[in-house]
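**Q** Here's a structure for you.
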């Protein structure tokens with residue numbers, strides 16, 4: 001793991017690469033931004049003292065290099081076949097260029113690398129991979145994406161794989177991974193509708209993902225059964241973690257329900273009711289495995305071991321960020337409803 005000064009430098013170049021990719025007016029510039037972003041993230045992931053981190057960084061590097069090489073090849077072919085490196089493209093070209101971008105963002109059916117990489121990362125890097133690393137590929141896809149059979153199949157696969165894949169998992173990292181794949185499907189729907197809707201969804205999703213990661217990191221859990229091993233001193237921490245998880249799943253009246261509600265309204269307005277029905281059902285399956293984790297701890301007569309000596313008394317005070325983010329997650333939907341009714 002790099003030192004703090006190196007970490008700040010790498011995070012700055014990571015954000016710079018993402019912004020360069022998003023603000024570029026040609027495919028070559030966008031590709032360069034993606035490469036800068038990748039080369040900044042790899043040192044952040046790798047850790048000499050931890051073999052899992054090194055393995056995950058190597059997996060991520062190979063997959064991203066494959067996607068980048070494919071994207072560069074497709075862009076050059078497009079230039080030879082059509083015009084210069086401009087962002088306008090025909091339908092078939094759009095589908096071909098979208099494929100490496102879908103691989104970069106971890107959307108189904110190109111999600112095979114995502115759970116394995118997430119399982120070997122620290123929680124901070126998991127948060128980066130679920131949020132910032134998705135921004136540039138999705139933004140580039142917004143220039144190309146259209147409602148056709150290819151896009152609809154990717155959306156359906158992402159929402160279905162994300163919901164069904166997480167049912168049998170015990171690792172918190174893998175559960176968040178499959179939830180992220182499900183949310184990617186929702187974000188692709190938002191992209192087909194409007195760019196501002198996608199930005200709003202991505203901003204709320206990123207906030208909720210950071211909330212969940214900060215709460216889980218505070219509790220020190222990596223698997224579902226570890227959530228039962230916390231004593232009565234950690235009641236606030238457990239409450240923060242589980243409400244954040246339910247918000248990420250899209251349970252009303254939490255903040256996570258708001259973007260899904262708006263996306264469902266947009267789909268019905270655009271005569272996409274069958275698609276809306278399918279993605280809502282898959283979202284309910286996602287919510288089911290979050291409730292499965294949370295239900296036993298929310299019960300009044302839940303089991304709490306007396307022999308667990310780990311104390312969380314001072315950790316909540318140290319990590320004010322987790323408390324603030326979970327408060328936003330819980331109160332956000334209520335505040336938005338009040339503002340809407342006032343207007």
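Every residue, even glycine, has its Cβ placed from backbone N, Cα and C.
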**Q** Check each of the ranges 271-291, 292-312 against TrEMBL and return the one annotated as transmembrane segment.
**A** 271-291
**Q** When TrEMBL marks a stretch as transmembrane segment, which of 39-59, 60-80, 123-143 is it?
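**A** Going through 39-59, 60-80, 123-143 one by one, TrEMBL flags 60-80 as transmembrane segment.
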**Q** Give residue numbers and ranges for long-range contacts of the transmembrane segment (60-80): same chain, 6 or more residues beyond its ends, CB-CB under 8 A.
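**A** Same-chain contacts beyond the ends: 27-28, 31, 34-35, 38, 41-42, 45, 89, 93, 96-97, 99-101, 103-104, 113, 117, 129.
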